[in-house]
Amino acid sequence: MLTSKAQLGRLQAVEDDGSTLKSGVLPIALFEGPNSIGRDDLVSANKQVSRKHVVLKTSSDCTFELSVIGQNPVVIKSGSGKRKLLPNARALISAGDIIEFLPGKMPYKLTLEPTEDELVHHSSRDVQSRRSSQAAHCEESGARSLSLLLQECKPSETKKKRELETIIIDSDEDEQVSKKQKQQLIEDEAFAQAVQHIGTSSSSKSPRAANKLDEAFGVDYEAGCRSSSTFRLMQVKGLPQWANKGCVNIRGVIQGDVQVALLSNYMVDIDWLLEACPRLKTVPSVVIFHGESGGSLELLQARKPNSWLLHKPPLRLSYGTHHTKAMFLLYPTGIRIVVHTANLIYIDWNNKSQGLWTQDFPYKNVAAGESKPSPFENDLVEYLQALEWTGCIAIISGIGEVHVDAAFFRKFDYSSAMVRLVASVPGYHLGRNLTKWGHLKLRTILQEQHFEEHFKGSPCVYQFSSLGSLDEKWMGEFGSSIQAGSTFGNEQLGPGPVQIVWPTVEDIRNSLEGYAAGGAVPSPLKNVERAFLSKYWYRWQADHTGRSRAIPHIKTFLRYNDQRLAWFLLTSSNLSKAAWGVLQKNGSQLMIRSYELGVLFLPSLVGNNSNVTPFSCTYSSSILPRELQNREDDGGKRQLRHTKLVTLSWKSSNHEKSDMDIFVRLPIPYALPPVKYDPKDIPWSWDRQYREPDMFGEVWPRQVRRYTMQS
């Protein structure tokens, strides 16, 4: 991770005797301040090492304090002997000391970082590391230090000023962008250039240089990202500035006068979350919905602020997870709902291709008769009820003390919702509940919709980051849901080609993170290399959004014809029976193992809300697509307009132009149509060995990544 903080030292893996450095293992950079180190940072770490095992706090005077926060002891070996540090113990350590992250195992030596003068004097060619959750590092062979490389990459003062004036910064509306933040933007841009230089020179297959969208497709990327209003891509470090314009970070989501924050996720790093989004420190009521247990739960409890509450929804079936990634933010004026694809950890919000949907809704005006629930409202409340959360007491400005539970969410007006919710909850669902969850919920919604004629028999894309144990029967069952719907002439859309967008081994090897990125695509060989899947594989290519080398953790499903979309689903669900459910007992029962949540974009919803007054909890400006704003009275013709969903790469043609059509661009991150695998392409599986070095000189497995099958 490129940071404005100074790098003061590093941990270098050594042989068991401590005399020599281990070859082929890159060091762990230590920056000024606290450095969390755990399972994902260490070579050959197992579950005895916690995700956050130790915190090594470094000071500008080069003092190092080690705190053990994991469940197992750590051993410090120095000139004066050995010391065992038990959980919660602290100790000062010095350069030259060796840390055994488990007694007798995984020794790392603490060394000081050379100063800039020392680097230049000794012609050092190290490149300051960029880390994935303090783990993945890079060194440029035969080059200068990164600080010198950055100096070369810095734009001129005029260009720098111009870029800072035009870049989109997602920050709190009442906060000015600090000089430090501006400097970080400059460094990120320089780092992007440095990484591209390193990747091009060190890999045998040079990644294709991405062109700006307005050059490649004749469209404005930033405008395209914002035109869909409620669907955004997340920012990625290491990309050029144009690729992040219009995209969002966590500060741009959790902002303003938040009174209550309900955060639902699979993995939560409290320390990173508070650092990345300081606003949460001042939110009076914060609740985390999680699925942790054992040592991970104890760590979560130990690291969270005392006022924060935890709730673990019940997992009634084995092998299930609480996988939903969502936020529910209560304001004095309304609610902001966010459904996204990122775990609450550093690497997910900085290194991956991710997406989110967000929309604000006001309180109902009961006096005006706004009480009838919408389908969105019913789906939301039923999902929250399934979490079996009893609620919490909170105080909301202008309203007073309230009991926030599932029923409380009926106080908001969701009539302007531009999506439908598609959720999964664990259990055996039958009778009236059969079509309430999972892929049958998706099927039911699509069956109610009518689409244009050209979507009949058109392709369907499945794009995700983890592949379950599947069979052809279930693929047919799932396909029946994905392919539901009819034309305006009441003909069934019917089956179309299925295209699974999945990164190849070369995609992972040449990514911004190298092989380390494969830890977040955690599917084993036995699932990936099933013979019947070979006909479905298509490449992850995302040059038009600058994300070909940012490995996807986003999960999307869609149906398309050229650059036009029948519908689009953003979800936490990977392609698995556990997430989507499997029919049992002759189709009378749907079995689901995990909690999931997704949002379905439909042309009819966008069109029906074209005359709804826009609402925001934090801004007075409109959040609706520009195409839907400020339309003059047209004598009722507005009702006849057809809303069409298109990609960023869509180009209008004369025969498509009509006063009765509204085109809304969705920033689908990958190219459509996708490119089919070449015979030489190998789908990534994380439990194989790969010996061709990545751009950092690493091979795989460097270590076993504990991202689990439901990442």
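Counting begins at 1 with the first residue displayed.
From the backbone N, Cα and C atoms, a Cβ is placed for every residue, glycine too.
Taken straight from TrEMBL:
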- His323: active site, nucleophile (ACT_SITE)
- His553: active site, proton donor/acceptor (ACT_SITE)
- Lys325, Lys555: substrate binding site (BINDING)
- 119-129: compositional bias 'Basic and acidic residues' (COMPBIAS)
- 119-139: region 'Disordered' (REGION)
- Ser576: site 'Interaction with DNA' (SITE)
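Feature map: annotations from TrEMBL on the structure.
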residue : record                             : Cβ neighbours (10 Å)
His323  : active site, nucleophile           : 28
Lys325  : substrate binding site             : 26
His553  : active site, proton donor/acceptor : 26
Lys555  : substrate binding site             : 25
Ser576  : site 'Interaction with DNA'        : 26
Distance, Ser576 (site 'Interaction with DNA') to His323 (active site, nucleophile) (CA atoms, angstrom): 12
Whole-number Å value for how far Ser576 (site 'Interaction with DNA') lies from Lys325 (substrate binding site) (Cα to Cα): 17
Between His553 (active site, proton donor/acceptor) and Ser576 (site 'Interaction with DNA'), the C-alpha gap once rounded to whole angstrom: 15
Integer Cα-Cα distance in angstrom, Lys555 (substrate binding site) to Ser576 (site 'Interaction with DNA'): 12
